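Visitor: Just lifted these from Swiss-Prot, have a look:
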type    : residues                                              : note
BINDING : Gln87, Gly105, Glu106, Gly107, Lys108, Thr109, Asp507 : ATP binding site
BINDING : Cys900, Cys902, Cys911, His912                        : Zn(2+) binding site
Amino acid sequence: MLTNIAKKIFGSRNDRLLKQYRKSVARINALEEQMQALSDADLQAKTAEFKQRLADGQTLDGILPEAFAVCREASRRTLGMRHFDVQLIGGMVLHDGKIAEMRTGEGKTLVATLAVYLNALAGKGVHVVTVNDYLASRDAGIMEPLYNFLGLTVGVIISDMQPFDRQNAYAADITYGTNNEFGFDYLRDNMVTDQYDKVQRELNFAVVDEVDSILIDEARTPLIISGQADDNIQLYQIMNTVPPHLVRQETEEGEGDYWVDEKAHQVILSEAGHEHAEQILTQMGLLAENDSLYSAANIALMHHLMAALRAHTLFHKDQHYVIQDGEIVIVDEFTGRLMSGRRWSEGLHQAVEAKEGVEIKRENQTLASITFQNYFRLYTKLSGMTGTADTEAFEFQSIYNLETVIIPTNRPVQRKDFNDQIFRSAEEKFEAVVKDIEECHKRGQPVLVGTTSIENSELVSHLLQKAGLPHNVLNAKEHEREALIVAQAGKVGAITVATNMAGRGTDIVLGGNLKHQTDAIRADEALSDEEKQAQISALEDGWQAEHDKVMEAGGLHIIGTERHESRRIDNQLRGRSGRQGDPGSSRFYLSFEDPLLRLFALDRAAAILNRLAPERGVAIEHNLLTRQIEGAQRKVEGRNFDMRKQVLEYDDVANEQRKVIYSQRNEILTSKDISDLMKEIRSDVVSDLVDTYMPPDSMEEQWDIPTLENRLAAEFRLHEDIQSWLKADNAIDGQDIKERLIERIENEYAAKTELVGKQAMADFERNVMLQVIDNQWREHLAAMDYLRQGIHLRSYAQKNPKQEYKREAFTMFQDLWNGIKFHIASLLTSVQIEQNPVAVVEEQPIGNIQSIHSESPDMEELLGQSQTDLVTEAFNPDGTDFSPEALEARGQIVHRNDPCPCGSGLKYKQCHGKLA
């Protein structure tokens, strides 16, 4: 009550912000005539002037009015588009690091140019993030003439681009790309072994288009770079035969082997189900007699069984995935797009492959990962645009510290949003949908039908075919035709059936998108220039008449075939109609068989329906029901927010560790001299080893000197008789032992360094350190995954799972860091270097490395290169081909036991002959 009174007196926070922005708009508008009077050359010179003013200490905020005025005028000259006042407000919202909520058709792509131009002047790079490669390329192509006119360069990052091209794209002033590509490049940059292989610059400023889709819908999906792990493919096939033998129970307390919690998206085995599954697995020979699935040795079996059950009960073809070219391709539940290249983790993808009888690919092991939540929080400044952010404003504020500002439309919205119509069954609902479409088609009103799955879009398409109604289907299977279909969805009588329209990125223009049609004519090579011009002229003449006819028919009519879990997705579908003051309408058709109504058991609504509409095919519509349904959606949104927040809380633990590892890795990559760091590592490792077997403040009787000597010999090739030291000097203690051992190791290491040269040794050290860190980090990520999967069980012991996870993760990270230091010290101190008897030191200083030996069986694995590879690199820096074929072509005859012609000193069969 008091809040409402205060809002009436002082206005809302949004109103106050808009008031401030309008003052700046007035200053920008005051400069318009001045900018229009400038020649092209003078207008272009403004960019250099702004850069100089920034270099002289002026701030971006200080030059904002002039920069926005310049960008607006340049846009008018190059693109033929002038920014409206509300678009100027949107640009300022983005510059301030906030989210601009702008309705569909309000020109978000043009709005971004203002903030992008201003921030690009700082020379630190600006990233414009879109949801797919098509939109990234399209938006960059549309806006490049504007940016180039203003003296700025534009790059585009798309999948399958080579590293060199990526470096060039990131070096541009403005870089367009998808959230996936930006995130994966960040991870790949933190896996390189040479700093010059990195592609990204510092993460400065990002403008995220469809920000709700990227930062909320995809927040639960981490970006993962992975490699194939050892996996038993046959086990997935065998486990696939088990679910059909188990009985599904209707409720948690019912009779059967398992029940499905659709709300939580989980499958739970009952006690009887465990026993039944154990019997089946015992008969198959996978489980020993009287053994349990709960025993530690059978965790893998349990893992595969639950994956198979989830694949059979929770994941459905043409809803959650499609089969394309013999592969399982995931369908994005929010947009209906195919997510090629994405795979479910924890063996689920393999279980679905087994269910569908396609080739099963090995499960992957995580090499590097990050969530979008943590990736985008790395930017110095982050902003976003969307048509629907207000419903998620709290989440944007609490997780990303992003305030949402609702930008008023340039023209009032005239769309009519009718109440939902609710039917008993899905069959009755779809009959009503077809009837509504038929009526619209008769009066020439275009219709967009939104469905939540590919299965439903194909069902609607089938019903329309039976009714003889021509239509287009737009779902994940028709991805390539997507933009063309959407562009023409506003033509007279057009019927378009589409899975969720979120993120489609193309405006529906009443009367059809004239530009798309004229572009298609211009691209038709079969037509002469005269024919093209004639067709374009005829098209332009007829377009206005068609546009007027659609306006008279009521504009675009939106039909939703069911409510989505998120109100935001429903609003995005509705928002396709009524763009820029156009007329339009929307209505949702629901049934009590729809997942949302079924799962949230709207008993009261069902009772009302039975009382008010007893006849078949009769629907009810009432504000009370609509509010109840929105209440159910709020429950789901709240639950999903809690899940995303929980993912973030757990990932924040790994994120802090990731920052430490990546920071250390970067320091190693960029430091010219790492000798001090190496010395510190050797000292720490020796000290820890001595403390382990000679604990500080302990009695001499508690010391384990023989084991210490054995460890030093095995791990560091250090053969020291410590026991004789102790006999010779009774006063000696652990600290003295440490100092002597460190001195011996340092002397030996200095001798090796002198033998091969300081730079060669530094390069070798750097390579070893990076390989060790990467391998140890990879194993640590796997261990963290296992910890995360089972940590919820701690709650049964009255412990807080999150606190337990943090505590154990911290201990594991300490062990990881100690393990990294130990492996680095062990590998580098145990390496033996022999002087090359052939090569002349003065001529080939790097040639001193002849061969590298190590007692450690992990040497080759940890280095990632064999001894031969390292020697070959050293003696063949220009990549000369010494294969038998190449030597024969050059007229050289080299036998297997002859010295390798590369100069390594090794026999040919042990060097390039081995590689061949």
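Cβ coordinates come from backbone N, Cα and C, glycine included.
It should be emphasised that the depicted structure is a prediction, and the values quoted were computed from it without experimental measurement.
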Visitor: Out of these binding-site residues, Glu106, Asp507, which one has the fewest other C-beta atoms within 10 Å of its own C-beta?
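Guide: So among Glu106, Asp507, the binding-site residues given, the one with the fewest Cβ atoms within 10 Å is Asp507.
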Visitor: For the C-alpha pair, I'd like the distance in angstrom between Gly105 (ATP binding site) and Cys900 (Zn(2+) binding site), rounded off.
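Guide: Rounded to a whole number, the Cα-Cα distance is 69 Å.
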Visitor: For the ATP site as recorded (Gln87, Gly105, Glu106, Gly107, Lys108, Thr109, Asp507), determine the largest distance between any two Cα atoms, in Å, rounded to the nearest integer.
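Guide: Max Cα-Cα spread across the ATP binders: 17 Å.
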Visitor: Long-range neighbours only, meaning 6 or more apart in sequence with Cβ under 8 Å: which ones does Lys108 (ATP binding site) have?
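Guide: Those within reach of Lys108 (ATP binding site), by Cβ under 8 Å and sequence separation of 6 or more, are Gly90, Ala100, Met102, Asp209, Met385, Thr386, Gly387.
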Visitor: At a 10 Å cut-off from the C-beta of Gln87 (ATP binding site), count the other C-beta atoms across all protein chains.
Guide: 27
Visitor: Under DSSP, is Gly105 (ATP binding site) helix, strand or coil?
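Guide: Where Gly105 (ATP binding site) sits, the three-state DSSP reduction gives coil.
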Visitor: Rounded to a whole angstrom, what is the C-alpha distance between Gly107 (ATP binding site) and Cys900 (Zn(2+) binding site)?
Guide: 67
Visitor: If the ATP site is taken as the center of the Cβ atoms of Gln87, Gly105, Glu106, Gly107, Lys108, Thr109, Asp507, which further residues of that chain fall within 8 Å of it by their Cβ?
Guide: Met102, Thr104, Leu110, Val111
Visitor: DSSP on Asp507 (ATP binding site), three-state: which is it?
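Guide: Looking at the DSSP assignment, Asp507 (ATP binding site) belongs to neither helix nor strand, so coil.
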